Amino acid sequence: MLQLVRNIYGGTIKPKNIETAIYSKPGNKIILLLKIFFVKIILSYSLVFFLSFFKNFENNTVQSIEEDFGLQLSFLIVVIIVPIYEEIIFRLPLVYRPINLALSVFGLCYFFLSSFIFGSNFLTLDINLFYKLVFSLVVALSVYFGGKRFSRLGSFWNGNFQVIYYSSILLFGFAHILNFKINFENYYLLPLVISPHLLAGIILNYIRIKLGFLFCCLFHIFNNLFVFILTI
């Protein structure tokens, strides 16, 4: 396990912009995922235990979704839809292809418009759905055809991979700020509060590069399933 932690640390300190599959057989990859999950549980719940002393921060995301959508639909949202959606945004474009970046931009635009422009949950099918979809699609298509036409975008992406890699981790962490009820006077503690999500971002980025996008999604789904079971 210590060697696994060292591998994740090394892959984070010096990330590489290519998929470097370390196992060819799916069974070996699943075993590695389970080992990584065990490490994540230990580290995450150590952080959560420490954060439990800060009473002003509450994360009731699963309960809130269950109240809005019911148990069965909330299971589908929390365990399947959200993990895949987040992986498309934050991990898919780590390996550069125009389609990967376009899908990521589409998801990010839709989330931004829902949460910050129209002030609604991105899971809600509201009256602004058409505008959000059209705008996000236009931006995503622009990115896709721009990437296909201009090879410099790919060169820039690969040449600045470490910045993009770390930005993915930070954006993933800070995107979860909306999960918490935060008093204004405690905003300086935000980096600490989202530290479990930053840790998750580090681990998911490592899996994305080492095992590929599919296994990254599987890990995220299994993680959310574990959380869902604990919180219902």
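Cβ atoms are placed via backbone N, Cα and C, with glycine included.
TrEMBL entries are annotated by machine, without manual review.
Annotation comment: TrEMBL describes 32-54, 69-89, 101-123, 129-147, 159-180, 186-204, 211-230 as transmembrane segment.
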Q: Please indicate, using numbers and ranges, the residues of the same chain that are 6 or more beyond the transmembrane segment (69-89) and have a C-beta under 8 Å from a C-beta there.
A: 61-62, 103-104, 107-108, 111, 123, 172, 175, 204, 208, 213, 216-217, 220-221, 223-225, 227-228, 232
Q: Please give the sequence-distant neighbours of the transmembrane segment (186-204): residues at least 6 beyond its ends with Cβ less than 8 Å from one of its Cβ atoms.
A: 8, 12, 36, 39-40, 43-44, 47-48, 51, 54, 56-57, 87, 90-91, 168-170, 172-174, 176-177, 180, 216, 219-220, 223
